[in-house]
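What Swiss-Prot annotates here:
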type	residues	note
REGION	1-226	region 'Pyrophosphorylase'
BINDING	8-11, LYS22, GLN73, 78-79, 99-101, GLY136, GLU151, ASN166, ASN224, ARG330, LYS348, TYR363, ASN374	UDP-N-acetyl-alpha-D-glucosamine binding site
BINDING	ASP101, ASN224	Mg(2+) binding site
REGION	227-247	region 'Linker'
REGION	248-455	region 'N-acetyltransferase'
ACT_SITE	HIS360	active site, proton acceptor
BINDING	ALA377, ASN383, TYR384, SER402, ALA420, ARG437	acetyl-CoA binding site
Amino acid sequence: MSLEIVILAAGQGTRMRSALPKVLHPIAGDSMLGHVIHSARQLDPQRIHVVIGHGADVVRERLAADDLNFVLQDKQLGTGHATAQAVPFITADTVLILYGDVPLIEVETLQRLLKHVVPGQMGLLTVELDDPTGYGRIVRDADGKVAAIVEHKDASEAQRAITEGNTGILAVPANRLADWMSRLSNNNAQGEYYLTDVIEMAVSDGLTVATEQPHDPMEVQGANDRKQLSELERHYQLRAGRRLMAQGVTLRDPARFDVRGEVTVGRDVLIDINVILEGKVVIEDDVVIGPNCVIKDSTLRKGVVIKANSHIEGAVLGEGSDAGPFARLRPGTVLEARAHVGNFVELKNARMGEGAKAGHLTYLGDAEIGARTNIGAGTITCNYDGANKWKTVLGEDVFIGSNNSLVAPVDISAGATTAAGSTITQNVENSQLAVGRARQKNIDGWKRPEKIKKN
C-alpha cells in the first residue's frame, strides 16, 4: 500500500490575535505544524501535501523541505475545499488527512487507523468526549455502523446528545477521494464544503467506515486560542516527562520541566525543577542536573553534574566533569573527563583537558587548555582584536594566577606559572614563571583627596 498524506494548514486563527499563522505557533520548541509533519514522516509516505492559505509565504519559508508539496487554498471555503486542492497531486493508493493545528497525534494511533484501509473500507478517527460541544457527531445506524457525521451547528438536539465526536482525521482510498470531492455541497449553516460529508458518500457507495480512537483524547485536541495552546504545551510536557521517567530518569517535579527537542537519556539520571532541554540533547547514565538550568544541543557523558542556574549550549561534557552553579558553556565547548567549571565561568569554543579547573569568575574563549591546568579567579582570554579572533593555548599542568589577562595569540607551555594580576602577551616556555605586571611602588606621605566643600 502506497501512502500520501494531506495536512490541512490554511486557517487564519483569528482567536490567536497574532500576525503569525496559527499553525506556526509553537509547542515544545517547534511549530504545531512542525509536530504534525514530524509524525507524518514516521509513517514513511511517498509524499506529504501541505494545504496553506493565510500566511502561505511565511509557512512555506519556515518549513520548506524536499518531501513537502505546498498547495495553496486561495479562499478558505472549508475542509472539503482545502482537501480538494491537493487531490490533483495525489498518485498513491491511500490518503491520510491530518490537521496542522492538532500537534499531539501519536504515530501509533495513525498506524492503527491506516490498517482499516482495505478494499471496500475506509478509516475514521473518532473520540469519546465528556463535552463534545463544537465537534461533529458520529451518527450510527441500528447495527452500530457509521452512517454520517453531522456538524455541531447543523445537529438536532438528539444528535447533540451523542458523545462520540469526529476528529476530522481520515484514511481513505485515493481513487474514491477525487469523486467524493467533486460531489461536495456547501448547503449547510456555515456555507462551507465539509470534508465530513464524504462519510455519508462512502456509506452510500457501499463502503464500510471503520473507526479507531486515540488512547488519550488530547491527541486530537486542536488549538484555536492561546489558552488551548498552553493546555497542549503542558500536556506535551507531562507526556514527555512520563516517557523519560519510564527510561530511568527521576524528575523532581514533572510539572516544572520542559523538553523542546529530541532527548536521549540513560539510567539513574536526576533532573531538578525548572530545567529546559532544547534541540538534540544526549544525557548518559548517572547525570545530575540542578534546578533552573537550560541544556541545548549538548551531550552530557556518564556522571556529569550540572549545578543550579547554568546554561549549556552546543557543548560536550566528558565523563565525571561538572559545571556551575551559574556557569555558561557556549557552542564549541568541550570539557574532558573530570574537568571542572565553577560559578560565573563562561567558555566559548574552548576545550578543557582532563582534570583541568576554572573555579570562578573567568572567561575562556577560543582556548585550548591542557590536562590538570588550573585557571585562577578573574582570568580572561583576550581573544578578539576588533577584527579577528585569536587562540590561547595552555599546556598540561599550567597554573594561571588570579586576575590574569591572556592576550591571544599566546602559548603557555606545560608546567608554566603566571603570577597573579599579570597581563600575558608573550609565549611562556615549559616550567617558567611569567610576571606581567608593574612593580609595586609605595609612596610615603601621600595624602588622600578631600571632598570639596560646597557653599
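Backbone N, Cα and C atoms are what each Cβ position is placed from, and that goes for glycine too.
Site extent for acetyl-CoA: among the recorded binding residues ALA377, ASN383, TYR384, SER402, ALA420, ARG437, the largest C-alpha separation is 22 Å. In this structure, the binding-site residues under consideration are ASN224, ASN374, and the one with the smallest number of other Cβ atoms within 10 Å of its Cβ is ASN224. All protein chains shown were included, and the count of other CB atoms within 10 Å of the CB of ALA420 (acetyl-CoA binding site) stands at 15. For ARG330 (UDP-N-acetyl-alpha-D-glucosamine binding site), the same-chain residues lying six or more positions away in sequence with a CB closer than 8 A to its CB are GLU313, GLY314, ALA315, GLU346, LEU347, LYS348, ASN349. Across the region 'Linker' (227-247), mean pLDDT in this model comes to 97. Rounded to a whole number, the distance between the Cα atoms of ASP101 (Mg(2+) binding site) and GLY11 (UDP-N-acetyl-alpha-D-glucosamine binding site) is 9 Å. Close to ASP101 (Mg(2+) binding site), meaning Cα to Cα within 10 A, are the following binding-site residues out of LEU8, ASN374, ASN383, ARG437: LEU8.
Checked against TYR384 (acetyl-CoA binding site) by C-alpha proximity, the binding-site residues GLY100, GLU151, ASN224, ASN374 yield ASN374 as the nearest.
When the neighbouring Cβ atoms lying within 10 Å are counted for each of the binding-site residues (LEU8, ALA377), the highest count belongs to LEU8. Cα distances from ALA377 (acetyl-CoA binding site) to the binding-site residues GLY78, GLU151, ASN224 are smallest for ASN224. The Cβ of GLY100 (UDP-N-acetyl-alpha-D-glucosamine binding site) lies under 8 Å from the Cβ of ILE7, LEU8, ALA9, GLY11, LYS22, VAL23, MET32, LEU33, VAL36, VAL50, each of which sits 6+ residues away along the same chain. Within the same chain, the residues at least 6 positions away from ARG437 (acetyl-CoA binding site) whose Cβ sits under 8 Å from its Cβ are ALA419, GLY421, SER422, THR423, listed in sequence order. Taking the Cα atom of each, ASN374 (UDP-N-acetyl-alpha-D-glucosamine binding site) and SER402 (acetyl-CoA binding site) are about 10 angstrom apart. ASN383 (acetyl-CoA binding site) falls within neither a helix nor a strand when secondary structure is assigned with DSSP, and so counts as coil. GLY78 (UDP-N-acetyl-alpha-D-glucosamine binding site) sits 16 Å from ASN224 (Mg(2+) binding site), taking the C-alpha atoms as the reference points.
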